[in-house]
Amino acid sequence: MKLNAETLHIHHERVLLQTRKPNLSSLSRRDQLPTVQRVQWSSLSNKAALGFPIRLSSTTSALDIRRCFLSKCNSQDTLDSFEQNPDQEFSQESFQVSVQGKQAPILKILKESNSFLPHVVLASTLLAIFYPPSFTWFTNRYYAPALGFLMFAVGVNSSEKDFLEAFKRPAAIFAGYVGQFIVKPLLGYLFGIMSATVFGLPTPVGAGIMLVSCVSGAQLSNYATFLTDPPMAPLSIVMTSLSTATAVFVTPLLSLLLIGKRLPVDVKGMVSSILQIVVAPITAGLLLNRFFPWICSAIRPFLPPLSVFVTALCVGAPLAINVDCIVSSFGLLILSLIIAFHLSAFIIGYYLPGIFFHKAPDVKALQRTLSFETGMQSSLLALALANKFFQDPLVAVPPAISTVMMSLMGFTLVMLWAKKRVTS
């Protein structure tokens, strides 16, 4: 009776094993068990797992069969749990990768929208010429907040250490100042005289060209430097701020020497413009980046497209407001003189620093920075001064053209130099 009961019990366990789906991978895992245990019941477990009938021998007992069955179940459960967790981790990682894959193109487009700036500026120029009402609403009162926003974008992507490092390069700062208030006024005087003596243009046009060469550096040069060589942006800001601060005294003096007429400047208004356009936005961006970096991380991807849009407005508005004078019979000739004027400044500003700073480790970046600083200046300020202090409206035509061409030429260089720097 004992043998029959034991045989029935073994037969029942064999039926249970046959109903369970075999898993060949579990066999390989059981083969890794210690040798002593495998010798005792590995053959039984293999047969049971494959559904073969188990033949009892004199050395086989019901305890061996139970051990075989329990080992089969435990190894299968262990294998199931081992296989289940990697699947869960893989699914979570794949989900995160898929989400990042969906977000990455959007963030990439936002961050790389600066590369479209020359195309956007060109499109805004054409739009301002053929449909001026699209920009005439952007009047002079919007210029300061718009340029201030561009400076805020630079401040968010900078730190106070960058500006401390910039002041450690007084020679480079002095070179930028010389390019802005010595090289550029000499070029302005040359092209202003040529406009009247060689090309027979009215004297107010030549005065407008000279006026453009007398004003301080453009805040757009800081933004162009930031797009091309971000580490050099604080140095460019220091150069522009210095030229803007001293323009209160230098601009009237240069205007007196070049134009022959003292040009009154609103000192309080100039200081207020400096604070609004340069100091306050940069400081706000630096403080925000210092104390609330998570906010900067959240808004940083959206700053490039907004900056492109604001720059297009600053370029298109002066052109749209003065479009009648620009498209006049001598407008093309003025355009050619302005292009030659700025092109000469860009070239001189690039190659002269290469001679004096050829031993600097970042000489190429410094050349690009000084080229922007020399070739780009505050034509919007010259336009405002021309409208306020000169009765002849022709004086305002060169500054209006200069605003457009300076931006187009500068940001074309941004596109070329930034692409070359990435590929090199």
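From the backbone N, Cα and C atoms, a Cβ is placed for every residue, glycine too.
Automatic prediction, not curation, is the source of TrEMBL annotations.
The transmembrane segment annotation in TrEMBL covers 116-136, 171-193, 205-225, 237-259, 271-289, 301-321, 327-352, 396-418.
In this chain, the transmembrane segment (301-321) lies apart from the transmembrane segment (237-259): fewer than three C-beta pairs between them fall below 8 angstroms, excluding pairs fewer than 6 positions apart. Counting only same-chain residues 6+ beyond the ends of the transmembrane segment (116-136), those with a CB under 8 A from a CB of the stretch are 227, 308-309, 311-313, 315-317, 319-321, 323, 326-327, 404, 407-408, 411-412, 414-415. Counting C-beta pairs under 8 angstroms (sequence separation of 6 or more), the transmembrane segment (237-259) reaches the transmembrane segment (205-225) with 3 or more such pairs.
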